[in-house]
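Following: one structure in structure tokens, then a few remarks.
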């Protein structure tokens, strides 16, 4: 307990120093760009291991809890994790970023500023998502409700994709985000190389049009708009990766049946010119709960391999596995099962990366700090616990580091 208190105190002091003295980048890293199926950083192929931490801006809104961001980022660097994916939204509700259309809470925005500044200081790249598909933290539903309150004829969350006013709300949010001047670094978000890229939405879906045409049209319009206001950053969709009508065989063999009505199309959505890299997620335990563990592992490998094959041959773009994990509340769960999921995932990513393929990295869901019980769920991981899973994560980071010319490959398992 004394040791933990010391670590927390140290993190607080570091956070205060970052705020008081200004923030300097931990390295001279520039913007991540794309060349064919590879990401490029400072003239070299960029591969990275990473994690999700959706809560960064929320916790950093309160200056007394900002040490949690510092502590998690410091632990991430110990394990050679170099990308974090987080939310660039909180629409309405407690600690909202966007209180009403175009109206922002400065304190919450400064929380996101701090998270970006700390990532910059510690050499971590960020992928930031503009809005949520789900009603958690506002999402599409909140945008539609805002429009409805003005008298717009909207009745479904899927009106988000077609109503002109709602679409303008989204564009306004994008414009506000990219033009934000970070209060710590004094750099506009659109000029900040710490931000690796943006995502249009977290897990976009449109049940009103299972053909996928509505969602593809919306993505095309919004992707072009994002590029018109920020030409420096990469952009992806935030998709789970379910196949659509453009890939009928993949749709039949890989999608869970429930996904066929979600209106997404992995190929069509990512073939858009303004989309720079492919996004997929992987949760076989949630998608196929009735299968046994071995069958789910086989499906996991096939899911990744098929998407990587399509990224290479059809999309000709890099791919990031934006979310994956093993829920601890899965019936019969064991630590060995979670380790097997992480090993299978990382092995597939590494095999592609080693050959110069499109796999750029995997971001597990999700990291929390000690004592963050309000964010704990069946998928959360505390890096400081040094579990066997964390050891597997570290090994993958070091292997990818060897490919990009950093670090050394361990001769033995950690």
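Yeah, the Cβs are placed from backbone N, Cα and C, and that goes for glycine too.
Some features that Swiss-Prot has for this protein:
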ACT_SITE  203  active site, proton donor
ACT_SITE  323  active site, nucleophile
BINDING   87, 202, 283, 365  substrate binding site
CARBOHYD  17  N-linked glycosylation site
CARBOHYD  75  N-linked glycosylation site
CARBOHYD  133  N-linked glycosylation site
CARBOHYD  153  N-linked glycosylation site
CARBOHYD  343  N-linked glycosylation site
CARBOHYD  386  N-linked glycosylation site
SIGNAL    1-19  signal peptide
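Taking every protein chain shown into account, 75, 153, 202, 343, 386 are the recorded positions, and of these the Cβ with the most other Cβ atoms within 10 Å belongs to 202. A count of other CB atoms within 10 A of each Cβ picks out 87 as the most crowded of the binding-site residues 87, 283. When the CA atoms are compared, no recorded positions among the candidates 87, 153, 343 lie within 10 A of the residue listed as 'active site, proton donor'.
In this entry, substrate is bound by 87, 202, 283, 365, whose most widely separated C-alpha atoms sit 20 angstrom apart. Residues near residue 365 (substrate binding site) in space but far in sequence (CB under 8 A, at least 6 apart, same chain), listed by position: 51, 52, 323, 324, 325, 379.
On a Cα basis, residue 283 (substrate binding site) lies 17 Å away from residue 133 (N-linked glycosylation site). Residue density at residue 323 (active site, nucleophile): 23 other Cβ atoms are found within 10 A of its Cβ, drawing on all protein chains shown.
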